[in-house]
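Written below as structure tokens is the structure these notes are about.
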Amino acid sequence: MTETGKPLLRVLQGEAVWPPPLWLMRQAGRYLPEFRALRDKADFITRCMTPDLATEITLQPIRRFAMDGAILFSDILILPWAMGQSLDFVQGTGPVLGAIRSEADLARLDPQRVADATAPVMETLSRLRATLDGPDPIGAAQGGKVALLGFAGAPFTVACYMVEGHGSRDFEATRGMAYANPMLFDRLMDMLTRATADMLCAQIDAGAEAVMLFDSWAGLLPPSQFRRHVIAPTRAIVREIQTRRPGIPVIGFPRLAGVMAAEYARDTGVKTMALDTGTDMAAMAGQVPPDLTLQGNLDPLLLLAGGDAMAAEARSIRDAMKGRPHVFNLGHGVVPPTPPEHVGELVRIVREG
Ligand code: 1CP
């Protein structure tokens, strides 16, 4: 099977394919009983850093639902962890990091450590690619049609967790630092921009066929700051990948970007823009070039609810995008209480064409 035979890759290159290929953000995770069974065996970082476990978790949803894309099981915070920042995933609280607030804190990070520290992630990717494109003893290859996606957090969103030290509604310390100490914040952003491009190139070398940049907190920024901390670093990463690994598509996800999304699509060079739940896909399609792929954007809470309302909305999104390049997905991640049968039903509906 050649690469061009994978429907998801064809769409990510700008081709309209019907019915649209699909995968779901957070498709591997707590809503699957087989994931919960493994979760009790090892903590989160161990699961990410053990190729046997990360490979298995990545493939679980593919075996069950045969999505068109398999996304590496890892996390956007693995990069700061690999640079030496302390990171702990606390049950019920989320990630906790040793906050970066000063030059001295920043000086303790070492991007040179990333290649060695993330070697197990690259091993996971090469095993995944071999499985997905190989003969099919464990039912995960789906005839060589499943594309392998790598990812990273975009610099601004990763900086949010690094500076704040934990999740937040508004990341006040981070946005405050960007205004009050722009020299320090820019140094952190530059470090992240370079390290992210390097890590994504390494993921591509290990087998990723496309990569996604999650900018989950992009929408917190006013326009001038959005241009500086979202568009500019994303453009730098996209250019670096285009130069060093030509032909590999980049999916950008500027979550909650609102009216700035069209500018992001125009100025970053991403091949695909993923849209959050609040964006009207058809309206956005009218504002971006016809060969820019759009990805999204069913509400994860409609997937949780299931039934006729979910079916109607999924068909409506799919049909509105007919004739243009579209990857069907959610507008944000699958929520843990989602019944797996609803995911199966969604896959069936999107594929009925
Ligand atoms: O113990 C556990 O099971 C931890 C839960 C968990 C999981 C399953 C975390 C902690 N991360 C992940 C996996 C993950 N994270 C993936 C894997 C692939 C897949 O989608 O199946 C991906 C792509 C991410 C990306 C990620 N992590 C984002 C960007 C997308 C988004 O959801 O907006 C963000 C913001 C994170 C940070 C993070 N990691 C984990 C949690 C609980 C959070 C959110 C913290 C917060 O803001 O409160």
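Including glycine, each Cβ sits where the backbone N, Cα and C put it.
Automatic, uncurated: that is what TrEMBL annotation is.
Keep in mind it's a predicted model, so treat the numbers as computed, not measured.
For the substrate site that TrEMBL gives as Arg26, Gln27, Ala28, Gly29, Arg30, Asp75, Tyr161, His332, the extra residue drawn from Ser216, Ser224 is Ser216. The residues of the domain 'Uroporphyrinogen decarboxylase (URO-D)' (21-30), classed with DSSP into helix (H, G, I), strand (E, B) and coil, number 0 helix, 1 strand, 9 coil. Less than 8 angstroms from the CB of Tyr161 (substrate binding site) sit Ile76, Leu77, Pro80, Pro95, Leu97, Gly153, Gly167, each of them six or more residues away in the same chain. Neighbour list (Ala28 (substrate binding site), Cβ cut-off 8 Å, at least 6 residues apart, same chain): Phe35, Ile57, Thr58, Gln60, Pro61, Ile71, Phe73. Summarising model confidence by region, the domain 'Uroporphyrinogen decarboxylase (URO-D)' (149-165) averages a pLDDT of 98.
Separating the Cα atoms of Arg30 (substrate binding site) and Asp75 (site 'Transition state stabilizer') is a whole-number distance of 14 Å. Between the candidate binding-site residues, Arg26, Arg30, His332, the densest Cβ environment within 10 Å is the one around His332. Asp75 (site 'Transition state stabilizer'): 19 other CB atoms within 10 A of its CB, across all protein chains.
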